[in-house]
Amino acid sequence: METVDTSQRLARLRELMKERNVDVYLVPSEDSHQSEYIAPCDGRREFISGFSGSAGCAIVSMTKAALSTDGRYFNQASKQLDNNWLLLKRGIESMPTWQEWTAEQLEGGKVVGVDPSLITASDARSLSETIKKSGGSLLGVQENLVDLVWGKDRPCRPSEKVTVHPVEFAGKSFEEKITDLRKELEKKKSAGFVVSMLDEVAWLFNLRGNDIPYNPVFFSYAIITPSTADLYIDEEKLSADVKKHLGDKVSLKPYTSIFEDAKALGQSAQAEVNGGASDPPRKFFISTKASWSLSLALGGANKVEEVRSPISDAKAIKNDTELEGMRACHIRDGAALTKYFAWLENELVNKKTVLNEVEASDKLEEIRSKQKNFVGLSFDTISSSGPNAAVVHYKAERKNCSIIDPEAVYLCDSGAQYLDGTTDTTRTLHFGEPTEKERKAYTLVLKGMIAIDTAIFPKGTTGFSLDTLARQFLWKEGLDYLHGTGHGVGSYLNVHEGPIGIGTRVQYSETPLSVGNVISDEPGYYEDGKFGIRIENIIMAREVKTTFSFGERPWLGFEHVTMTPLCRKLIDPSLLNDAEKKWINEYHSEVWEKTSGYFAEDELTRNWLKRETQPI
C-alpha cells in the first residue's frame, strides 16, 4: 500500500479555508446521495488524505489533520496515512470520536465548514449542537473546497447508459412498486417522498446503471406524490428502451433540477391531497439519509419530515422471484469459486507456479465471467496472502502486491453481479500445512458462522441481538473481530444493503429481521502482520416450524444459499460438537449435489471438490 504525500494538498486547502473564514473543514466519505461506494469523481476524502478505504471522515484545521475510520480499516489507514495525519480509531474508548476531536479544535467563535450535500440533515444538527458547546458554529459551504484543490485532475462525473431490469428478474413491475409506495405515504398522511438514495431509485423504477464501480446504480433522484412520479436523470443516460419502459407514467427531468423543484414543493406543501382547508398541511418525506442540502431546499423542519425510507424497507424483503434468483446465482457462483480454488491449488502446489494476488484474482474474474447472467463483479476482490489477510478490506494493487505463499493462509473475499442476484462469498484456505493456531482460529470462526446459520428466533428479533452468537466462541478465548457479522445484500444491486445487518451498529437494533431478508454471515479473526481468517455465506431469513410457538408468534431461521466448500485442512474436528460436524457434512453434501454437475468434463475441479466435501 502506497502512502501519498498530502502536504501540498493540505496547504492549498487551508488557503481556501482562510479565504472563506473557515477554521475547520470536514471531508466525509460519501457522495451527495450518501452512497457507501462512490464514483471516482467523489473520492474527495481519499484525495485529501491518501486513505482509500470505503468508510471514514477527514477533519482539517489550520494546524492539524485527522482521519477517523472503523475497525475494518485500522491496519490499512495506519499504512496509507502520511505524517500529516492523526488516525482516530472509531470505537476505541481511549480515542475521541471525530465529532469530539473537531470540537477540541475550536475556541469561541470558530467556524466548522462542510459541503452540505455530503452530510445528512440529522448529522448536521447533531454536529452543530456538539460544536456549539465549544463556542463554534457549523457552516454549509456550497462550493466544495476539495474539488477546488483537485482542480482539472478531478475525474469527470460518469454518464453511463441506464438499462431496464426485466420483471422476470425483478419479480414486480415498477408500477406496482410505486402504487405500494403511495399507499404507505397515504397511511402516514404525506404529501410525497423525495428519493435520494441511488439504489432506491434503481429498485423503484426497475432500472440499473453503471455510474459507480461494482454497484449497478446511476446518478438520479425521484419525487413521488399521490398523482405524479418524476425521475431526475441526465438525458444522455436514457435509451429508447428505457423511455419505452417508463412510458407516460413517469416524467423525466434534468438531474440538476431536483433542488429547484424541491424548493418549489416546499413552498407549496399544502398539497393536493390535503382533502380540505381544515386539514393540517402535509409534509414531504425524505429519508433520514438524505442530504442537508436537500432538506434545506425543501424548507427544513417546517416543510419536511425525515423518516425511515419506506423504499429501503420494501427493498430489503425480497419477493419469491428475487429469492429464487439468489439461490440460482449462488449455485453458479459457487461453481466458479470451486473451479478457481482447484485451479489455484494446482498452480501453486503441483505446478509450482509463482502467482501474485492480482494475477489470481484476474483468473477468478475470468472464470466468473463465463457464468450465465454475469454482469460484473459486486466489489473489488480481496485476494490476500499471509499477513495481508489480516487487513480486513485489503486491496491488492497491480504493481504493488504480494506473491501468494502456499505455506500461508490465503483469504479470498469476492462476489459478482448477475441479472438474477448479487453474490458475496469469503473463503480462507491453506495450500500447505497450517499451524495449530491457524486451525484453531479458523474453527472458532466456523463455529460462529454455523451458530448464526442454525439460529432460530422469534419474529421481531434484530441482527443486533444475534451478533453475540457469532462471537461467543472467540470471546471464550479472549478473541474478537472489529467488524460487523453481517450486512444486507441487494438483488442485482448494492452488495451492502440496509437497513438490516448483524452487528453492534445502532441501526441493526432498530430493524427486526423479516422473512425474505438476504444477509451475510461472516465472522472473522485477524492477527496484524501474521494472518487473517474470515468465512462468509449468504443466508436468507425464512419462517420455520418449532415444537412450540410461545406467544403464538412466528419463529424464523435461515437458509444458506452460498455453495462453496469450506477448507477441510483448516478445520480442527476436536473443537467441534456432533451437531456442528453434522452441519458441515450436510453442507458439503449439498454443495456436491448442487455444483458437481458443472464439472462432468473437468476432472481436476471435480476431484478437488470431491476431496473437499468428504465427511469429517
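From the backbone N, Cα and C atoms, a Cβ is placed for every residue, glycine too.
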(request) Can you match one of Asp424, Asp453, Asp572 to the Mn(2+) 2 site that Swiss-Prot gives for Asp413, Glu536? (result) Asp424
(request) Quick one: which of Glu433, Glu436, Glu522, Glu527 does Swiss-Prot put in the Mn(2+) 1 site with Asp424, Glu536? (result) Glu522
(request) Round to the nearest Å and give the CA-to-CA distance linking Glu522 (Mn(2+) 1 binding site) with Asp424 (Mn(2+) 2 binding site). (result) 10
(request) Starting from the Cβ centroid of Asp413, Asp424, Glu536, the recorded Mn(2+) 2 site, name every other residue in that chain with its Cβ within 8 Å, sequence order please. (result) Ser414, Gly415, Thr425, Thr426, Ser520, Glu522, Arg534
(message) Residues other than Asp424, Glu522, Glu536 within 8 Å, Cβ to Cβ centroid, of the Mn(2+) 1 site?
(response) Asp413, Thr425, Thr426, Gly486, Ser520, Asp521, Arg534, Ile535, Asn537, Ile538, Thr562
(request) Would you identify the secondary structure of Glu522 (Mn(2+) 1 binding site) according to DSSP, in three states? (result) coil
(request) Have a look around Asp424 (Mn(2+) 2 binding site) and count the other CB atoms within 10 A of its CB, chains all included. (result) 23
